[in-house]
């Protein structure tokens with residue numbers, strides 16, 4: 001499929017799901033009421049619900065889905081590892097742990113700004129560890145196992161910090177950090193995370209030509225004039241920025257970055273750079289759809305969206321592992 | 001923190017208050033036969049060493065115990081955000097509700113909540129300790145009965161009668177002041193959890209002249225209440241926990257969601273003194289008073305009349 005056609009179709013899908021996301025919620029607003037609330041200022045309640053509750057949620061679903069999709073695509077391309085993804089290799093989990101450590105310790109009062117500050121540091125540390133490992137061993141398995149170890153350790157430390165908090169309610173928030181949610185987010189969260197995510201997308205996009213060349217192997221890429229150190233820096237900073245910011249406001253949402261690039265790759269010419277934008281758009285679509293389902297399945301209590309993405313993604317991961325063994329990646 | 005010691009009467013399954021009243025009635029009925037005989041009996045039977053393992057029994061025991069009678073209270077009793085008697089609690093040693101602590105202290109009587117520290121209670125009973133449990137699904141109407149029951153257990157009937165009587169008088173006075181103007185209130189806690197029908201807060205709101213929005217929307221007990229429903233229900237008053245001095249949590253941001261703060265005309269604040277309605281104890285009257293004052297301020301009865 002031509003990239004333009006593919007991107008247009010995926011953008012339309014994401015847009016449709018974005019609008020559907022705006023229509024879902026416990027307050028039963030009609031279509032005209034919702035539109036009036038969003039644009040023209042209908043009743044006060046409709047206006048507040050649309051602008052302060054549903055719009056930030058849909059925006060975050062879009063942006064975080066885009067982040068996870070594009071990060072998965074760039075990590076798979078750069079590491080030449082079909083199983084790489086921010087969730088599986090432990091970037092999200094480390095980001096969540098550091099956000100939790102900074103926020104719940106009360107070092108920054110109870111300011112929301114503590115969350116991205118911690119999460120960016122965690123994501124950066126995780127990407128650096130993975131890059132170092134990947135540089136020393138080219139094996140697919142080593143990286144994934146290291147990611148599993150990093151995820152488990154971060155998850156355990158996250159639970160530990162939350163259990164140690166003197167606030168009795170903090171331990172209930174373990175589930176948010178481990179399984180992610182877009183519940184009760186506000187424009188504050190959008191303002192906090194969107195600029196950081198956008199900066200990350202830009203850095204990842206700048207690495208596009210380099211990861212194409214890298215698909216021919218590192219030496220071939222260098223002979224084509226690709227500056228390896230610069231590429232590595234762009235990808236480290238880009239993934240750390242966008243995944244860190246996404247995790248700071250929505251917790252750990254896994255598998256989106258794994259599933260989407262694999263589903264979309266057969267529709268492209270398989271050049272890693274061509275996959276970046278469609279993977280982002282597809283990720284946005286998948287997360288928005290999962291978030292809508294999370295609200296519809298359990299209207300009062302609400303499911304954590306990470307539960308749904310894991311239900312889709314974990315079997316897919318297993319299938320990839322089986323297939324990759326057969327094809328001896 | 002062991003979840004069982006958190007003073008949430010709402011987390012506890014239904015326990016018919018009538019049954020408890022009947023039980024306390026059994027203990028109190030000798031009063032009707034002979035005050036003198038009962039006083040002598042109670043004096044002889046009053047336990048010398050009493051230990052309280054639950055924030056809610058702490059409050060009743062501290063209010064009623066004779067000097068030196070109460071040998072320890074739960075560690076939560078010193079928490080200013082949860083316990084209205086946190087200053088008094090500094091005078092007592094604290095326990096963490098562990099069976100070992102009880103075993104070493106050898107009290108004559110252990111008082112605790114029915115559903116808190118379930119295993120500990122069973123273990124202590126097997127070890128032969130006398131354990132008296134207090135249920136915590138309560139309303140303002142059942143509190144005087146609880147005060148009298150604790151008084152009877154401690155052999156301090158006279159003090160209990162005075163406190164219970166004062167509670168009843170004040171409650172009756174406040175309830176008599178109410179009129180048909182009943183603003184809509186919502187008790188909205190951390191994580192977007194509201195206090196619905198059957199909770200202590202529900203009865204406090206009713207006594208202070210408010211309607212409880214969560215109960216009218218069909219919420220039973222303590223249950224999640226979406227921010228969207230808060231906005232579309234447009235309550236006149238939103239009562240949040242003060243959260244001052246607490247360690248940070250994300251749940252604390254939910255009652256402060258910009259969508260709720262954007263509601264014009266809604267009064268949002270703690271209003272209730274910290275911990276005053278987390279337990280069915282004498283301090284509940286302070287919550288009733290504070291809310292009745294607020295009700296009078298935002299919707300005066302005189303105008304309606």
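Using N, Cα and C of the backbone, Cβ positions are placed for all residues, glycine too.
A TrEMBL annotation is a machine prediction, not a hand-curated record.
Sequence-distant neighbours of the transmembrane segment (A:55-75) (same chain, 6+ residues past either end, Cβ-Cβ under 8 Å): 14, 18, 21-22, 38, 81, 84-87, 89, 91, 182, 185-187, 189-190, 193-194, 197-198, 200-201, 204, 207, 211, 235, 238-239, 242-243, 245-246, 249-250, 253, 256-258, 260-261, 272, 275-277, 279-288, 291. Look at TrEMBL and you will find A:55-75 (among others) tagged as transmembrane segment.
The transmembrane segment feature in TrEMBL is assigned to A:87-107 (among others). Sequence-distant contacts of the transmembrane segment (A:87-107), counting only residues of its own chain at least 6 positions beyond either end whose CB sits under 8 Å from a CB of the stretch, comprise 68, 71, 75, 114-123, 125-127, 130, 143-144, 146-151, 154-155, 157-158, 161-162, 165, 167, 170, 177-178, 239-240, 243-244, 246-248, 251-258, 313, 317.
Per TrEMBL, the feature transmembrane segment maps to A:113-134 (among others). The list of residues near the transmembrane segment (A:113-134) in space but at least 6 beyond its ends in sequence, with Cβ under 8 angstroms from a Cβ of it, reads 79, 81, 86, 89-103, 107, 142-143, 146-147, 150, 154, 192-193, 196, 232, 235-237, 239-241, 243-245, 247-249.
Summarising the annotation, TrEMBL assigns transmembrane segment to A:141-162 (among others).
Residues 56, 59-60, 63-64, 66-67, 70-71, 74, 77-78, 112-113, 115-116, 120, 221, 226-227, 230-231, 234-235, 237-246, 248-249, 271-273, 276, 280 of the same chain, all 6+ positions outside the transmembrane segment (A:190-212), place their C-beta atoms under 8 angstroms from a C-beta of that stretch. What TrEMBL lists as transmembrane segment is A:190-212 (among others).
The transmembrane segment annotation in TrEMBL covers A:233-264 (among others). Sequence-distant contacts of the transmembrane segment (A:233-264), counting only residues of its own chain at least 6 positions beyond either end whose CB sits under 8 Å from a CB of the stretch, comprise 6, 10, 60, 63-65, 67-76, 78, 82-83, 85-88, 91-93, 95-96, 99, 115-116, 118-124, 126-128, 131, 176-182, 185, 189, 192-194, 196-197, 199-204, 206-207, 210-211, 275, 278-279, 282-283, 286-287, 290, 304-306, 309-310, 312-314, 316-317, 320.
Summarising the annotation, TrEMBL assigns transmembrane segment to A:276-298 (among others).
The annotation transmembrane segment is assigned in TrEMBL to A:305-322 (among others).
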- Task: Go through the chain and flag residues at least 6 beyond the ends of the transmembrane segment (A:276-298) whose CB is under 8 A from any CB in it; none is fine as an answer.
- Result: 3, 6-7, 10-11, 13-14, 17-18, 20-21, 24-25, 57-58, 61-70, 72-74, 181-182, 201, 204-205, 208, 253, 256-257, 259-261, 263-264, 267-268, 304-305, 307-309, 312
- Same-chain residues at least 6 beyond the ends of the transmembrane segment (A:141-162) with CB under 8 Å of its CB atoms are 79, 81, 83-84, 87-90, 93-94, 96-97, 100-101, 104-105, 122, 126, 129-130, 133-134, 170-171, 173-174, 177-178
